[in-house]
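Pulled from TrEMBL:
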- B:36-55: transmembrane segment (TRANSMEM)
- B:67-85: transmembrane segment (TRANSMEM)
- B:105-132: transmembrane segment (TRANSMEM)
- B:144-164: transmembrane segment (TRANSMEM)
- B:170-189: transmembrane segment (TRANSMEM)
Amino acid sequence: MAEQRMGFFTDTTVCIGCKACEVACKEWNDVPDDGFVFRATSYDNTGSLGASTWRHVAFVEQDGRWLMMSDVCKHCTHAACLDVCPTGALFRTEFDTVVVQPDVCNGCGYCVPACPYGVIDRREDDGRAWKCTLCYDRLRGGMEPACAKACPTKSIQFGPLDELRERAQERVERLHAEGMTDARLYGESPDNGVGGTGAFFLLMDEPETYGLPPDPVVTTRDLPAMWRWAGGAALALAAGVAVCFAGRKP
Amino acid sequence: MPKGQGEVVPEAPFRSYYGQPVVKQPIWHEPHMPTYLYLGGMSGAASAMAAVARLTGHERLELAARTAAFAGGTAGAAFLVAELGRPMRFLNMLRVFKPSSPMSVGSWTLAAQGGLTSVAMGSAVTGVLPVVGDAATLASGLSGVAMATYTAVLLADTAVPAWHEAMRELPFLFAGSALASAGAAVMLTTPRALAGPARAAAVAGAVTEVVAGEVMERRLGMLGEPYRKGRAGTLMRASRALTLGGGLLATVAGRSRTLTALSGLAITAGALCTRFGVLEAGRVSARDPKYTVVPQRDRLDAGAPAHVPGR
């Protein structure tokens, strides 16, 4: 467990939309076909992350520029999918990544609506939940994840999270100095609603433009309050039942 | 702009990725999940009634409540197992106990509820070990109130906007619905002269369900929309009409079998509509990126971004 926290820094300014990451991920992880849908929006017929899509390249056509971003599981510090998994199938690895154990998952599907990024999903033919493992097997073998390895422009960078955060900060400052004031980091802050993400991004527009939530929060943050409200309702129910019997002779 | 019913909320401008959802919709199926929510709630509140009936000596009503609790718990568990992607692995639910997972807490609660109500029912039917049966009935009163309310936390503890933000009212909506359902089930299966407490439960539950639902939709503001529009809106309105009608009838249902039947069936149908409506509203709020993006953007614009204190 002495490993460092590993993660991704995806710099969208150098993404060329080649989708090599999508292909490499599919090949290495033997991820099945996710359907062939002509979406008629942009050069994106993949659509979104899902049970059989662990990297997704978003294409946003704007006046005078074209934004491309390779999206992936965020491997949150406070991961809702992991918190709510009732079987322990989801676990945190020695690399501080979040992985599903397919031999334990019973397909309850609770992780699916829990994720504030809409990443994890259930394969309906297989019945279990699937998502990016940050190539857990490759990491254990001392290799980098397939997507980062295949990325021809180093848009996807893999490494110890501390180093990536420093590198990303320098990159943003350089872009700002060059006049690209739209550049901003997304997810890197440990103060955000998920305690910082293991996979973070350099974006050129608001997160929602890329289909990302602007201010996500781990739903279990509010769980103590939820149990208190439910406890109040349970007590009220017990009292209500007692009152219904009060003063009535059998 | 007409005020009052169905207030019109101005469309908030927001940006998205080709209008695609940000969060995934709950994958729970119909009729499995909402039927389970109904059956589990009914079983839980029926257990609470059975326990109080035992303590107060309402023996005939206690038998009816024990039966309803057992039937609801067992049938509910079957629906829940059928809902799994890998039903053969249902026992993995009891592999760990995780307080951070309402599904885990709920699985253990359901296991306790199912076990206790089965013992109580078995004893009542066979006459074997009556003391154990009575003890199980009393204990199921505790698992029962947990059973009737944990499902609200199950839904609220997600990124589904219309559920998460309803965390305060959902437990009262579900507890009221459960009490009304159990009152209806017991009222339908107990001789009228002995069913007074069940009719009272039906009335109290119906009132709570309707009030909690109304408060929830109003407090949620824009996130109340999914409960008012489309199929979810139809279901929630039907639920309110049936529950109110059934609750009113329950006040006079002691007079005839027909009134009892009408009231019990209306309340049951209303409770089912509530559960189906809440599931559908959750789906709608997850599918439309507006409900995810706008509240988060408002938070950022107000300079109050989300954070996780103390973790």
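Residue 1 is the first one shown; counting continues down the chain.
Backbone N, Cα and C define each Cβ position, glycine as well.
Heads up, TrEMBL stuff is auto-annotated, nobody curated it.
The stretch with the most CB contacts under 8 Å to the transmembrane segment (B:36-55), chosen from B:105-132, B:144-164, B:170-189, is B:170-189. Sequence-distant neighbours of the transmembrane segment (B:144-164) (same chain, 6+ residues past either end, Cβ-Cβ under 8 Å): 23, 25-26, 37, 40-41, 43-48, 51, 69, 73, 102-103, 105-106, 109-110, 113, 170-171, 173-175, 178-179, 220, 223-224, 226-227, 278, 281-286, 291-292, 295. Packing against the transmembrane segment (B:67-85) from elsewhere in the chain are residues 28-29, 31-33, 35-36, 39-40, 42-44, 46-47, 50, 110, 113-114, 117-118, 120-121, 124, 140, 144, 147, 182, 185-186, 189: each is 6 or more residues past its ends and has a CB under 8 Å from a CB in it. With a cut-off of 8 Å between Cβ atoms, the residues of this chain six or more beyond the transmembrane segment (B:105-132) that come close are 40, 43-44, 47, 50, 63, 66-67, 69-70, 73-74, 76-77, 80, 93-94, 97-99, 139-140, 143-144, 146-147, 150-151, 153-154. Proximity of distant same-chain residues to the transmembrane segment (B:170-189), defined by a Cβ-Cβ separation under 8 Å and at least 6 residues beyond the stretch ends, is recorded for 37-38, 41-46, 48-49, 61, 64-65, 67-69, 72, 145, 148-149, 151-153, 155-156, 163, 195, 198-213, 216, 243, 246-247, 250, 253, 260-261, 263-265, 267-268, 270-271, 274-275, 278.
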